[in-house]
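Undergrad: This is the structure, below, for whatever I ask next.
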Amino acid sequence: MSVRTKVLGLVDVMMRVPPVMVIDEILKMDMGMQSWLYPDKDKASGALATPTEAPAVPSGQDPFTSIKELFSHMTTSAQSVLEQSIEKASEAAKTHGMLSSGFNSLMNELSKDQTLADVLSTTTVKFVLCVFAFLSAACIFMLWTRHLVMVYMFLTSLGLTFLSYWSNVSALALTERSPSMVEDLMSLNTTRLLDSGGVVMSLAPHLMAQWFMGMLFAYIHLGPRFEHVQRSMPIIFASPILLAMLPLPAKVVQHLPVVAVFTPIILTKITLMQSAMEASRTVYNGYQYAMNFVSNFGLSALIENEWQRLNVPNVLRVFWTIRLIQGGYALATTESDEPLDLMTATQKLLVDGCETMTAVLGMTGVISMFCHYIGRGFQWYLLTYDDEEKSLGTVSAVLFYILALQTGLTSLSPDKRFIRLCRNLCLLMTALLHFLHNIVSPILMSLSAARNPSRKRHVRALSVCAFLVVLSVSLLYHLWSQQSISTWLLAVTAFSVEVVVKVLVSLATYTLFLLDARRQFFWEKLDDYLYYVRAFGNSVEFCFGILLFINGAWILIFESAQNATGGGIRAIMMCIHAYFNIWCEARAGWSVFMKRRSAVHKISALPEATPAQLQAFDDVCAICYQEMYSAKITRCRHFFHGVCLRKWLYVQDRCPLCHEIMMYTDKADENAPEAEPAPAAQAEQPMRIYPRDDANNAAAQRRSPERAPVEASEQAPATSSSSAAATIGAEAVSAIVESAAAVGEARSLVSVASSSSATHRISASGSSDSSYMTASAQSPPPTATSAAAVATAAASNTTHMFRMSQDQQ
């Protein structure tokens, strides 16, 4: 990325910060609602803000003092009377019911109360203005960069106009108490003119500033650009100061600033009227673009696209950093008798840093950046460059924001807010330990399984595991020694112990793989040991998941009554936790257990190979390519390790080499006498091969494939009367001959399979599958070889086509 692109990106981020600051200030005012609607937010604020409280500003120095006093007077005067009336009405409703005469009379008094009407009207006006400002700031924040530049140019030109007016008023105030400058110039009174404290030296900065503001306004304003007006704009801005040098009456001089800003105001109004339709068209086009994008790609794709376009994380980080610097500067410049305590200042900054939802979002962005670089640091230490850790910052940010919403962080009093913030950070730290374990665990497995000889990588991975265990144990020791038992402490304990168990399971698996790598012979019990270790870890995680669900239910029922929003979010998160971390995990664990149990049962049914058979076999296992000192014999007379065969049975029941059914079934045992007719009966009856497909079975039952060549040869003379029929018949005869050869091949293969299955039935005490070849009087078996199935299907289809040609003839 070039330097120019980085600079433009930084400028775009900085331009989007002011709308966020406006939204933050509106949220500080609680959207214009009265402060008595949120009483808990201002309680105990004195204990936290007393040492750093700013001194009272004199009313003459604050231009908004009268407005603040008006709203505060209205609030304080109406609050006590209104609260008393509401309390009386609520008590009457509780005592006598809402339909009682006392309650109705109190409600009538409240409806006629002028104080209540004034408060409601003032609150309504403030709320409407705050909503309008909130929506305007949000729209400005979401504008494209080109439109954002135009908005800032308009606001800058408007600001220059008011700044010029204020500067002219201040400059003219200096000339009122001084002699005429024209007389000094005409008399060449250099002493007064060059006096450092004189009026000339005082007006010089104002004159230069007016000239510069006039040139800047002429350059950036969006109104009509007339050539003469553009050139005379600096003179128009500086005209009040220049005319004040003349001996004019005081009444005329007082109105000069208003006359000077008349031209810029006219140009600004023209710009506003011309841009009104353009602004509404831009908003409408943005709405249409969003609707089309959602209909084509979905809402999530729109949010992701706009998130990247607006560069929201960096905007929030810059906003929160500016907010933190502003708060730190206010604390540093506050005059106080006591010295500034670092701990108190940090506490005050952190509390103010999560005062509103926008501030919480900014803190979330900063925490996300810290977690991202922590993950990058551990990756660098572990000598790995996997891209999975890129989600570490995003997941930690989402987790912190959900915790803030669940606990109602912004609605708490400052002291409670600081305690809750520290608890949320502890929970986030335990989650971060889980993420770090997810990074180091695959590295441990790869190092042990690949037999990596690099000791440096082994030592680094093991040191990270030791760090996770030590940090978790230290955190638990500190919390249990300093805090009393609570639901939050139980949650942190569960997460920390789960981290320790996960690390121990990873180390045990790593140790088993290392021991297996050092052994000279095949370790058949390795799979069992790994299964037991991982089953222990998964069982502990499942138990902690149930414990956390019960803990969350307790918090939801007994501790979240005053926070409806947080309670709703907690309920949703509990449902997600119950489904993914409890139900899905239990179902997956039960499935693995049943597969393993079924595989063990099937393996135990197979015969064990004797040393003589292994010596005669004298080969390796076809699955793991290791020497066989013990083996299981399948129904198709293949030798495999019992452990390897068990892993294979997790996937399918067919032999890895010949794809035959490996296991013996009791159903075949019952049908064994019927499946093996006498040799004389087999000689008298034609043999049939039944394919797997039901449609092909029906075709095979309709016409025997072995008789097809004979019938074709008998009907061949009849097909010579028509050339078209002869062509079809010739093709059919050739296809049938080929299919008959395939059937003969399949019959030989099936006869070998039947002899092999007979041997297996003897060795396994009659527990085998049904025979693949039966007499014509017997019902077709459920399975057959794939070669026989293909050959039979081809023969039956070709015979059917040949019969159709004969019917046409």
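Just so it is clear, glycine is given a Cβ too, placed from its N, Cα and C backbone atoms.
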Undergrad: Per Swiss-Prot, which of 425-445, 572-592 is transmembrane segment?
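TA: The range carrying the transmembrane segment annotation in Swiss-Prot is 425-445.
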Undergrad: Swiss-Prot lists transmembrane segment for one of the ranges 392-412, 728-748; which is that range?
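TA: It is 392-412 that Swiss-Prot annotates as transmembrane segment.
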Undergrad: Between the transmembrane segment (488-508) and the stretches 124-144, 147-167, 256-276, 392-412, 461-481, work out which stretch tops the count of Cβ pairs under 8 Å.
TA: 461-481
Undergrad: With the transmembrane segment (392-412) as the reference, which stretch in 147-167, 256-276, 350-370, 425-445, 461-481 has the largest tally of C-beta pairs below 8 Å?
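TA: Per the Cβ under 8 Å count, 350-370.
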Undergrad: What counts of helix, strand and coil residues does DSSP assign across the zinc finger (621-659)?
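TA: Summed by class, the stretch gives 8 helix, 6 strand, 25 coil.
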Undergrad: Counting only residues 6 or more past its boundaries, what in the same chain has a CB within less than 8 Å of a CB in the transmembrane segment (147-167)?
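TA: Residues 12, 15-16, 140, 206, 209-210, 213-214, 216-217, 220-222, 237, 257-258, 260-261, 264-265, 267-268, 271-272, 275, 282 contact the transmembrane segment (147-167) from elsewhere in the chain.
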